[in-house]
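Comments concern the structure below.
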Amino acid sequence: VGFKAGVKDYKLTYYTPEYVTKDTDILAAFRVTPQPGVPPEEAGAAVAAESSTGTWTTVWTDGLTSLDRYKGRCYNIEPVAGEENQYICYVAYPLDLFEEGSVTNMFTSIVGNVFGFKALRALRLEDLRIPPEYSKTFQGPLHGIQVERDKLNKYGRPLLGCTIKPKLGLSAKNYGRAVYECLRGGLDFTKDDENVNSQPFMRWRDRFLFCAEAIYKSQAETGEIKGHYLNATAGTCEEMIKRAVFARELGVPIVMHDYLTGGFTANTSLAHYCRDNGLLLHIHRAMHAVIDRQKNHGMHFRVLAKALRLSGGDHIHAGTVVGKLEGERDITLGFVDLLRDDFIEKDRSRGIYFTQDWVSLPGVLPVASGGIHVWHMPALTEIFGDDSVLQFGGGTLGHPWGNAPGAVANRVALEACVQARNEGRDLAREGNEIIREASKWSPELAAACEVWKEIKFEFPAMDTL
């Protein structure tokens with residue numbers, strides 16, 4: 001057969017509705033908005049082609065390989081209900097297209113070039129199915145939820161954290177002082193803000209030293225294990241590892257990384273270092289909204305969350321749900337399950353397009369953070385359950401009497417909610433009552449309740465997705 005030059009429709013090669021997916025395929029669900037006049041089959045096939053073996057014209061070297069073995073295939077297309085000219089296109093990629101143990105390569109292939117494609121008006125990656133054959137090539141989360149609880153000796157309740165504010169401008173000594181006050185009051189963790197790296201007003205080494213001092217003092221005082229997420233994110237991988245090494249030398253339990261701005265290559269390196277040296281790793285998702293905010297273009301956060309579980313991290317920020325709509329609650333809980341559980345069934349009502357089997361890759365603790373305070377505690381306890389970290393920045397430091405009383409208020413509220421739940425009370429319905437009862441015994445909690453007046457907890461049933 002002679003080589004036939006020229007441009008031919010993608011759908012002739014890459015749209016294969018009869019294809020039966022293999023267990024080893026990486027499956028992707030894209031939300032495709034084609035340009036006017038482009039049929040959905042052609043758009044879906046174009047996505048499959050450009051993110052695998054295809055290019056815009058037939059090339060002579062196609063004859064030197066087996067396209068059937070290596071091409072991505074668009075095997076199903078369904079219109080999105082309620083949206084005109086939007087389709088979910090399912091694409092199957094053969095496993096051989098990806099380098100083992102590299103999230104970087106996986107994303108370069110699947111979302112690398114194709115998002116700037118002219119035939120598409122918009123494109124969003126909604127979900128990925130990672131086959132066990134691929135996930136087994138990753139180290140994954142460094143320790144997992146059970147190991148973390150054993151390291152910290154904390155069981156049967158969510159963990160409490162607090163981001164130190166003002167995020168920029170404090171000197172190292174004052175920063176350490178704020179950390180000490182929070183930990184002494186009853187928090188498990190305090191946190192560097194994601195943009196605290198090593199700035200002129202507070203260099204990283206000074207901060208690490210003063211925070212370590214705060215950790216050891218508060219541990220001695222309370223008899224509990226304490227931690228501070230020391231942000232090791234830096235301008236180069238070498239500098240990042242240097243900071244992690246220093247944290248290990250100080251004997252602290254946990255460091256932190258901004259995994260999207262730092263990049264997956266750096267994150268995976270840090271995760272490997274931290275597992276080898278017994279450090280927990282807290283992951284912040286700064287920049288995620290640049291990628292996942294738009295409904296019709298970009299990448300859904302559940303994909304970024306799965307990628308993090310492959311790359312490695314022990315905690316990751318996952319939104320709060322509270323005060324938002326029911327639909328968001330279901331979707332958030334969908335990717336929280338993808339982070340924590342071993343086996344997650346396909347469930348379109350929660351935005352889960354594929355059944356995901358993690359084959360005993362350790363889980364990641366979801367972190368609820370952002371605009372939450374003591375009145376939210378019952379809802380947070382009910383929604384996230386024990387395996388989570390609840391982080392109150394302003395909700396601790398904004399307490400009228402200071403940081404330590406703010407920490408006390410949060411800890412008392414949490415313990416009250418956990419106890420009430422264990423006694424069989426309904427936190428969603430009786431939440432305010434539980435907090436009010438607890439505040440009778442805790443002046444710190446009473447003061448916090450007064451500052452952030454009641455928030456209602458009715459969850460109206462909203463339409464999902």
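Glycine too: its Cβ is placed from the backbone N, Cα and C atoms.
Sequence-distant neighbours of K4 (N6,N6,N6-trimethyllysine): residues of the same chain at least 6 apart with a C-beta under 8 Å from its C-beta are T58. The N6,N6,N6-trimethyllysine annotation in Swiss-Prot covers K4 and rests on sequence analysis.
Classification of K167 (substrate binding site) by DSSP places it in coil, neither helical nor stranded. Sequence-distant contacts (6 or more apart, same chain, Cβ under 8 Å) of K167 (substrate binding site) comprise D193, N195, V196. For N113, T163, K167, R285, H317, S369, the entry in Swiss-Prot reads substrate binding site.
For K165 (among others), the entry in Swiss-Prot reads active site, proton acceptor. Around K165 (active site, proton acceptor), the same-chain residues at least 6 positions away in sequence with a Cβ under 8 Å from its Cβ are D193, G393, G394, L397.
Look at Swiss-Prot and you will find K191 tagged as N6-carboxylysine, backed by sequence analysis. Cβ environment of K191 (N6-carboxylysine): G161, C162, T163, I164, H228, Y229, M256, H282, Q391, G393 lie under 8 Å away, each six or more residues apart in the same chain. According to DSSP, K191 (N6-carboxylysine) is assigned to a strand segment.
Here Swiss-Prot flags K191, D193, E194 as Mg(2+) binding site. Residues within less than 8 Å, Cβ to Cβ, of E194 (Mg(2+) binding site) and separated from it by at least 6 positions along the same chain comprise N231, T233, D258, H284, A286.
Taken from Swiss-Prot, the feature active site, proton acceptor covers H284 (among others).
The feature site 'Transition state stabilizer' is assigned by Swiss-Prot to K324.
In this record, substrate is bound by N113, T163, K167, R285, H317, S369; the longest C-alpha to C-alpha distance in that set is 37 Å. Looking only at the recorded positions H284, H317, the densest Cβ neighbourhood within 10 Å occurs at H284.
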